Amino acid sequence: MNQIEPGVQYNYVYEDDEYMIQEEEWDRDLLLDPAWEKQQRKTFTAWCNSHLRKAGTQIENIEEDFRNGLKLMLLLEVISGERLPKPDRGKMRFHKIANVNKALDYIASKGVKLVSIGAEEIVDGNVKMTLGMIWTIILRFAIQDISVEETSAKEGLLLWCQRKTAPYRNVNIQNFHTSWKDGLGLCALIHRHRPDLIDYSKLNKDDPIGNINLAMEIAEKHLDIPKMLDAEDIVNTPKPDERAIMTYVSCFYHAFAGAEQAETAANRICKVLAVNQENERLMEEYERLASELLEWIRRTIPWLENRTPEKTMQAMQKKLEDFRDYRRKHKPPKVQEKCQLEINFNTLQTKLRISNRPAFMPSEGKMVSDIAGAWQRLEQAEKGYEEWLLNEIRRLERVEHLAEKFRQKASTHETWAYGKEQILLQKDYESSTLTEVRALLRKHEAFESDLAAHQDRVEQIAAIAQELNELDYHDAVNVNDRCQKICDQWDRLGTLTQKRREALERTEKLLETIDQLHLEFAKRAAPFNNWMEGAMEDLQDMFIVHSIEEIQSLITAHEQFKATLPEADGERQSILAIQNEVEKVIQSYSIRISSSNPYSTVTVDEIRSKWDKVKQLVPIRDQSLQEELARQHANERLRRQFAAQANAIGPWIQNKMEEIARSSIQITGALEDQMNQLKQYEHNIINYKNNIDKLEGDHQLIQEALVFDNKHTNYTMEHIRVGWELLLTTIARTINEVETQILTRDAKGITQEQMNEFRASFNHFDRRKNGLMDHEDFRACLISMGYDLGEAEFARIMTLVDPNGQGTVTFQSFIDFMTRETADTDTAEQVIASFRILASDKPYILAEELRRELPPDQAQYCIKRMPAYSGPGSVPGALDYTAFSSALYGESDL
């Protein structure tokens, strides 16, 4: 077997087409590139399988499956559609070589000269030789026949691709390698021929692998083109294999070119059929139009020949209008149809003659001459029809005018007379008031005048009916019947009018009598009703009294009211008698009117009901007044009981307040003696609490009884409560002040004599004796004690004794100031010096030093309130004791 050395290349030459001579980039470089070899192996395998599957087989390994020559021969038979010589079935090497040679001989018979490709290399599985052989087959059977504008093979296929993809953005096909790397070219080919399979607008040029895979998947699924390329190989190879791409793209050409050829053949057939169908359509259209036109003529002629006169003007006018519509609307389109029918007939005959078709022969009776004859008969029937219509209309016009005049007058009279009989038959006066009856009588007089005015119209109606009978009006029977009904009704209206007048006059006299009785009733019932309403209001009036005298006055007034009841009852009976007389008259003459009084809104039932109500309220009022009298007696007892206690408690509280005040300002004796005296006062006050509680109980009873005044005492419970609470507050405050004075005296080293002197000075300048000095009193006090004060110094002292700026100085503030002025006190500097000792002369102190030197609670107090130290030499956790000490004495903003 001959081996192909690395530098050896195979060649193939077509006898008839020199463009197939090998090229350097197609043979030498391609077969030496492993990447290209991989692409060719996959593409050629897929291409072979796309044809072998038609024979129910396929290959897996291109260099192995063609070694025995059997599938190679089968591939050529499927591609060419021709039968090759019968293969050898042996499995020996020479059998395989013989089969491969048969295949190569067949290729050579198609005008392809195989150079350097021998059967032995194929049988030995030489990959490069096998790929070269398959490429030769692809060129001959898949690419050679491609021709676009006299170009062939590769150039033709490239030109076809360029034209198909020219309209697409980002697609520029210049070769069969790099121009296809982004996949948009394949997608554009599919979209150009099958836009339903792919949405080109959604493709992304930056996704070449996705584009290639999408195109191959759609081609495999919808175009029956198997996947022949590997998207990653195409994208990742600088220059993809040209043969592989040409092979795959040629499949698109054959898939779409076959469809175009079929479309061309179908268009040719459709064109021929369209001409024939158009001729048939014109024939059918002629037959249809001719039939419709002849049918219209057949229906119209009898209508035009009909001269039967109508009985009414409207019917004749309808005939005239129909004829005018015929001339204006119906006939012109038919004239156009007749003309168009002749044109269509001539056009059809011309088309048939040009297209070598036999002449058109309409069905029997539908020739152009038949249509012309029918049209002539139509125009003959049309003559004179309009003149006959106008004469008949003039004849009916006079009769119709009289008939319309009769109808108008009859309708006017009937409209006027409608409901008149029912009105005259009404007995509405039987249930009407006098005013309403008088109005009905005046209304009836107006009707009688109207009735007389309509006499002329009735006579005119009868005269017109007579004339229509003489003119032999077609509807004379109905006219006579209507006229007779009008005359009969007229006679009845005259009779009913006279009877109604008599009834109205009789009813008027009866109602005048009733009206006088109603007026008398109204004059007497209204005052009596007002009296009863006032009485009921007084009897139900809610009285509010606060003394026995007030309730006694109400009882006296009620007794006086009861004395007037017999006289009122007599008036009530007189009023009821008037109403009874009214009802007697109504029943005697069967007058169906309401017994209600038009002059009064007061009814008999209302009078009876209110009188009964008055009689019921009198004893109820008696009982309420007596109960209130008893309640006022009980309230008076409560007032006296409360007053007795309040008049004793009030002065007692006042006395105790005065005793405490005197004790608080005394300047003799020791503070301890003063404290003992105040404690005794406090004990006595607490023991007096039972009297306050008892008074509270009596006050609760008074409140429950709704007693709001008490003339027996000037003390109210609120006064007692305020005095008692003030007493408790005063004794507690006074005791606290003495305790504070003792504490201050002991803490500051003040002697009792000094304390007494301070008290004497404060009491002297406490001009209002309320335990407070204002600014001027305080200044005078200081001056009396030897202080020579300027404004600035006095202002400083005031901030000490009146820190809240209330404008007053208490005794305790005065004592604190005087003790600071006379005693030895600690200062912020002393406290800072003490903290500096604990901190070992550092400007800051640590928390552990505070916990070590101070009690736990005081150490925690300092740690919580001391600010952090941020001065020189600061360490983490350093605390500023200087700022803290200044804050203790009000010398800092902390």
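First residue shown is number 1, and so on along the chain.
Cβ coordinates are placed from backbone N, Cα and C, and glycine is handled just like the others.
DSSP gives Asp766 (Ca(2+) 1 binding site) a coil state; it is part of no helix or strand. Residues or ranges marked as Ca(2+) 1 binding site in Swiss-Prot: Asp766, Asn770, Asp777.
Positions annotated as Ca(2+) 2 binding site by Swiss-Prot, on the basis of a curator's inference: Asp802, Asn804, Thr808. DSSP classifies Asp802 (Ca(2+) 2 binding site) as coil under the three-state reduction.
Mean model confidence of the domain 'Calponin-homology (CH) 1' (38-142) amounts to 85 (pLDDT, 0 to 100 scale). Annotation source Swiss-Prot lists domain 'Calponin-homology (CH) 1' at 38-142, citing sequence analysis.
Summarising the annotation, Swiss-Prot assigns phosphothreonine to Thr237. For Thr237 (phosphothreonine), the same-chain residues 6+ apart in sequence whose C-beta sits under 8 angstroms from its C-beta are Ala35, Trp36, Gln39. Mapped onto three states, the DSSP output places Thr237 (phosphothreonine) in coil.
The annotation region 'Actin-binding' is assigned in Swiss-Prot to 1-254.
What Swiss-Prot records for 281-391 is repeat 'Spectrin 1'.
What Swiss-Prot lists as repeat 'Spectrin 2' is 401-506.
Taking H, G and I as helix, E and B as strand and the rest as coil, DSSP gives the repeat 'Spectrin 3' (516-627) the counts 88 helix, 0 strand, 24 coil. Look at Swiss-Prot and you will find 516-627 tagged as repeat 'Spectrin 3'.
Cβ contacts within 10 Å of Asp777 (Ca(2+) 1 binding site), excluding its own Cβ and spanning all protein chains shown: 18. Over all protein chains present, the Cβ of Asn770 (Ca(2+) 1 binding site) has 9 other Cβ atoms lying within 10 Å.
Using a 10 Å Cα-Cα cut-off from Asp777 (Ca(2+) 1 binding site), the binding-site residues that qualify among Asp802, Asn804, Thr808 are Thr808. For the binding-site residues shown (Asn804, Thr808), fewest C-beta neighbours within 10 angstroms: Asn804. The two recorded residues Asn770 (Ca(2+) 1 binding site) and Asp802 (Ca(2+) 2 binding site) have their Cα atoms spaced 16 Å from each other. For the Ca(2+) 1 site, the Cβ centre of Asp766, Asn770, Asp777 serves as reference, and the other residues of the chain with Cβ at most 8 Å from it are Phe762, Phe765, Arg767, Arg768, Lys769, Gly771, Leu772, Met773, Asp774.
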